[in-house]
Amino acid sequence: MKVSVPLWASMMMLMASTTVFASGSANDIVKGKGYATTYACNTQLKKAGKFCKGISTYSCWCSNEVAMASMAGCFNLFDRMTPEAVTKLDFLCRLWGGVNTTLTYDQFVKSYDYYLENAKFPSEIPGYNKLVITKIPLKVNVTAAKFYDQGATKLGSMYDDSLWYGAGLLGYWAAILMLATLVNWSYIIFPRMFKGFNGSISNWFRRHFVLASTFGQRNSTAYSFMNVKFASGLVPLRWESLVLLVFVILTAGFSGAGVHAIKNDPLFSKEFAISHYVADRTGTILMYLVPLMILFAGRNNFLQWMTGWHYDTFIMFHRWISRVAFLLIVAHAGAYSYFFDNRYAMNMEENYMIWGAVSTVAGGLLLLQGMLYLRRNAYEWFHFIHIVLAVVFIMGAWIHIDYPGYGAFAYPCVAIWGCDWVVRIVRCIGFGFPKAKMSIVADDLIKVEVKAPCWWRATASAGSHAFIYFLTPVAFMQSHPLSTMVSPHDPSNIVMYVKVKSGLTKTIYKKLLNNGNSMVMRVTLEGPYGHGASIAMHDTVAFIASGVGIPGIYAELYDAACKSRFADRKLNLYWIINNTGYIQALNEELDKLKEFSNVSITVYVTSGRSKAINEKVNDDKDDSEISLEFSMNSSYAIMYDRPDIGAIVRREITQCNKAVAFVSCSNHGMSDLLRKSIQTSLETGKRVDYFDELQVWA
């Protein structure tokens, strides 16, 4: 099996996302329970008196003699004056107080000696005013200190629990991905083992979960709310929806688990305690999800190679995780806004809070800007703006979380995204920037043929795709995903077909018209990506394509036909097009299949006959004569009609021996219809598989 994504590129992202995160020291992330004594003493002493100028008292606990002595005395009340506790205090002094010097345990012990010699209760100091900086170390009430310690311990436990709950969500996704990986590689390594999974239980599960749409028949076709195009969206398959449903339930449950106030908490009132806990919990869980969102959106996501899932599956999960993440952002911001109360304006002047607000706005715009309607009607603008907003979101979030000590969570975000772009650039440079021969081969079809480097031909799988960049001054940043196939007359060349739409393809089409329908243009390809269907165990394979979905399907069919183990198996191609110009465009490729006796080709032309480029048509001939002419001069049958997809599925299942596979790359509606037809035709005692090569990214 060829691996279309080189293993080194795949694992680079894994190493970047783990080693960079682990490179932060243990203190880079504040784990609360170990800091409970510091929290308790800081709060109680801050209420007892004033030790230095400025808002943050952490600026003086480690640098001011009186403040340090007071803190040492408070630590000793809990019998926690240990080197570990002093190290944590020192970390918070540097993190939140901006102190550059390091506090040592010996210094703290000496400070405690100073406390023993000079400390007093505020009530023992004549004319004491807690608003004036004290020059005498302060003692705290022992009974009150116990309540402060309980409150701080609860707060610290909430911090720690939040980290565990966030890790738990990652563990859930890890379990799903491991299960998918196990199934994928078992299917590849032991294909015949799955051939027997055609009983009532297996078929019931596949019919109701694996193949079924969440609602009705649509999966690739968008739903519109109240028939409003702007309010349209895609609905996942049922198994995908179940994965997402469990994820949403876990996220909601983890966000509220253990969130309750304790009695007599001197740190916060009940309402403020709960708002603080919710704010921290949702923010911490969010930090775990952002790297996952970025990983799922990457083109070089190594998980595609592991699980066998298509890129559009990961993009779908990326969108839904992003939606849940934004709800966490709203909960985080709302809860902290309530907690700040009358200190809201003062806190919002802090730099880290300003950037938190910027990141929140960018996240909201990302959510709105990612609507299906905008993606489909202005994809290049969507893509560019999405990247800009994502950069702002991550940068703002990094600054925001760095202040409270969670900056290490930003490392994997930057590492994963940066690594993805590095690999993409390396792919393009590795392919080079050759001149591609481009020509108009049908009314709305452009053929692109370009020489591929040796490494490409060695790693590309049949059915793979690539992103092509047309190197013009105004469009060199745009990339278009296209299926690739080997040129029938030169195996060192690859061929792609571009359907003319609006935007760049229309511009290139007009330029070709002005240059006699053909020209050369420098291009580069980013790829190869993807892989072919796992059809090793099937005695019959039906390849179904519509329009420009043919290149990838043809590549897989031709690759299978060339292998000796497929010599006694039936390989049937069904190609649905709306005019005969497409036949002329790929006539050479189709004729190349006639040397294989086990290959059958049927072409359905759903509209009238149109002229292909350089084709001479006798207008006096009717459709029946044209159909006969094509049939006599080619190795394939042409039907001027719309195909009955259900009938094709039933016929292929009936005529197969024990196992049949349907490999499809067709339009949205046909893809959904084919899926539904297969779903309702499983109870036959034969193994029936469906491989949908259509990827709906926009």
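Backbone N, Cα and C atoms are what each Cβ position is placed from, and that goes for glycine too.
The domain 'FAD-binding FR-type' annotation in TrEMBL covers 418-535.
For 1-22, the entry in TrEMBL reads signal peptide.
Taken from TrEMBL, the feature transmembrane segment covers 163-190 (among others). Long-range neighbours of the transmembrane segment (163-190) within the same chain, counting only residues 6 or more positions beyond its ends whose Cβ lies under 8 Å from a Cβ of the stretch, are 1, 29, 31, 243, 246-247, 250-251, 254-255, 257, 281, 284-285, 287-289, 292, 303, 306-309, 534.
The transmembrane segment annotation in TrEMBL covers 242-262 (among others).
Residues 13, 17, 21, 159, 162-163, 165-167, 169-170, 173, 251, 254-255, 311, 314-315, 317-318, 321-322, 324-325, 328-329, 331-332, 335, 394, 397, 401, 406, 409, 412-413, 416-417, 420, 424, 467, 526, 529 of the same chain lie 6+ residues outside the transmembrane segment (282-299) yet bring a C-beta within less than 8 angstroms of a C-beta in it. Look at TrEMBL and you will find 282-299 (among others) tagged as transmembrane segment.
Beyond its flanks by at least six residues, the transmembrane segment (320-340) meets 236, 244, 247-248, 251, 255, 271-272, 275-276, 278-279, 282-283, 285-286, 289-290, 292-293, 296, 347-348, 356-357, 360, 363-364, 366-367, 370 of its own chain at Cβ-Cβ distances under 8 Å. TrEMBL lists 320-340 (among others) with the feature transmembrane segment.
Sequence annotations record features per position, and here TrEMBL assigns transmembrane segment to 352-374 (among others). Long-range neighbours of the transmembrane segment (352-374) within the same chain, counting only residues 6 or more positions beyond its ends whose Cβ lies under 8 Å from a Cβ of the stretch, are 222, 229-234, 319, 322-323, 325-326, 329, 333, 382, 385-386, 389-390, 392-397, 399-400, 402-404, 698.
The transmembrane segment annotation in TrEMBL covers 381-401 (among others). Counting residues 6+ beyond its ends, the transmembrane segment (381-401) has Cβ neighbours under 8 Å at 283, 287, 290, 294, 351-353, 355-360, 362-363, 365-366, 369-370, 374-375, 407, 409-410, 413-414, 417, 477, 698 in the same chain.
Under DSSP, the residues of the domain 'FAD-binding FR-type' (418-535) split into helix, strand and coil as follows: 30 helix, 46 strand, 42 coil. Note on the transmembrane segment (242-262): residues 150-151, 154, 157-158, 161, 165-166, 168-169, 172-173, 176, 209, 236, 268-270, 273-274, 277-278, 281-282, 285, 317, 320-321, 324, 328, 331 of its chain, located 6 or more positions outside it, place their CB under 8 angstroms from a CB of the stretch. The average per-residue pLDDT of the prediction over the domain 'FAD-binding FR-type' (418-535) is 93, rounded to a whole number.
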